[in-house]
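Notes for the one structure printed next.
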């Protein structure tokens, strides 16, 4: 066994040396190509998977806020809401109501592992197409629902769509993007998530007063982006990496020429071929992922997803209308406030697109930890002092200040942990474990999204204002993790990640065994 491993490692080093000769210095090489109209169209179409995810995140909070929806499916919650002296923090505490929101995410968790196999064996494009079909089925079931069982099944199908799209789209974007703007194009996925959240808030604002089927319109409008993704997924190409990985070498070269807009793609093509050759030597990607040599990217990918959710961001986005009504806004004002936070979310993500390849990953994450921590602590103090379990709500000025603080919190998240939670895992896994490794990232994200969605209203009831101290404590842990354990990956070519990042890091270098890692092989 040791001889076999040594032989495999020697072969890897020989291929690395050969590629270094072919590609020159290799470290900072930029391949020929330009941003073509076709690539731009492909990126926009694929990113509609993110828009569907964002719409589903935002729409559920607004719909569960509507009286017509509550009367039809959750009459117990509706009756609690009507009681003038009901506990301000507990009026929406209902496990079935939370299951309506969270069922999507447990389905996405399960689907992500199936999607990983489909992504590897069939390609990125078919995985996106399957996601769009799940989305359409889910929209039909939720918008046309006759009972609570039907609506939960609809949310489960939407979850399957989220699992497939969140697995395929970030990989698709990373593999189709020119190397020098890989970070910016990858973040377009997160940008479309924020646009989806904003659109859901706008839709809820206008349908809240359409009786008795405003909620049905809100859920049904999701069919528009789902249909666009379904039709658009026919038009997009498969990524060259996926084609070559599945032995469609000449087709991969043809697609590479098409997306780069130049005839001479030999250097980039050779690098993809060599990367695929190395990936094929790994017969069991899961076993490879479980080895200590894969520990750095795996731990960072999982932790990034946990921290992304434990900030409390999705609790705020799920239940923004409920939260704002809790602190004293009326129905329309609460929905309008959630629209404002949605706008902040979108524009802050655009800032991230501009800064991520200039300022770097670490500085954005660390700055955001400080910004989110201050916001959460001040919100907690205001609610502790001004919002009691029963009785009067906050004053108008205090309630507006809470909205400002929530916007400040969302702003920090949107230019850091939101987009970088998806970008960093897509940068750090080598090709041979990329699909299965990213599946772990997606499933972790869905698991903790499910936990927060299912538990938030109950936590708000039990912990009251203390729930924001709970999230603030986790933000401190996130900052410490980033400072000590998260290396900077800005400007580091994917092929040099081992030598330039893991082997240089004070902690992770102990996990990197030189004879197990392939080095200096170009991965696009």
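Just so you know, glycine gets a Cβ as well, placed from its N, Cα and C.
In TrEMBL, the feature transmembrane segment is placed on 215-237, out of the ranges 8-30, 215-237. TrEMBL lists transmembrane segment at one of the ranges 35-55, 56-76, namely 35-55. According to TrEMBL, the feature transmembrane segment maps to residues 463-486, out of the candidate ranges 367-390, 463-486. TrEMBL tags one of the stretches 436-457, 502-523 as transmembrane segment, and that stretch is 436-457. Simply put, out of 35-55, 97-115, 127-144, 399-424, 436-457, 399-424 has the most Cβ pairs sitting under 8 Å from the transmembrane segment (334-356). A Cβ distance under 8 Å defines the sequence-distant neighbours of the transmembrane segment (436-457), meaning residues of its chain 6+ beyond its ends; these are 92-95, 97-99, 101-102, 105-106, 108-109, 112-113, 115-116, 120, 159, 162-163, 166-167, 170-171, 285-286, 289, 294, 297-298, 301-302, 304-306, 308-310, 312, 314-315, 318-319, 322, 421-422, 425-426, 429, 467.
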